[in-house]
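Feature annotations, courtesy of Swiss-Prot:
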- H58: O2 binding site (BINDING)
- H88: heme b binding site (BINDING)
- 1-142: domain 'Globin' (DOMAIN)
- S1: N-acetylserine (MOD_RES)
Amino acid sequence: SLSDKDKADVKIAWAKISPRADEIGAEALGRMLTVYPQTKTYFAHWADLSPGSGPVKHGKKVIMGAIGDAVTKFDDLLGGLASLSELHASKLRVDPSNFKILANCITVVIMFYLPGDFPPEVHASVDKFFQNLALALGQKYR
């Protein structure tokens with residue numbers, strides 16, 4: 001679980017990430033699709049998987065919006081993300097291990113875009129948050 005310090009670190013980090021969420025999200029999604037090509041299977045319905053394509057641009061908005069929403073639900077991620085977990089488990093049928101892959105790609109991109117605002121202790125807090133987020137999104141798979 002997240003400590004009060006972790007929550008504070010994530011809120012501060014998100015305040016800096018949020019204005020650049022579109023850029024960070026697009027880069028992270030494009031990076032995931034390139035570095036982990038097996039993830040493309042979940043986006044086969046998209047005509048173009050290149051980083052600047054319309055579907056990728058839309059996807060990054062959805063993903064980064066969901067992360068921003070989760071930042072407001074620290075104390076009840078399971079309840080707050082239940083419907084999103086259900087969607088990914090039942091309809092989209094995304095392998096839950098991919099949540100961790102995407103979180104890793106987002107973390108890498110954050111470090112590139114905001115190096116001075118992402119020291120190791122903040123990185124650790126954001127990583128814990130993403131781990132909790134992945135667990136919450138994977139809850140309906142059980």
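Quick reminder: no glycine exception, Cβ is built from N, Cα and C everywhere.
When the alpha carbons of H58 (O2 binding site) and S1 (N-acetylserine) are compared, the span between them is 31 angstrom. Taking Cβ-Cβ distances under 8 Å and a sequence separation of 6 or more, the neighbours of the residue listed as 'N-acetylserine' in its chain are N132.
Taken together, the residues of the domain 'Globin' (1-142) have an average pLDDT of 84.
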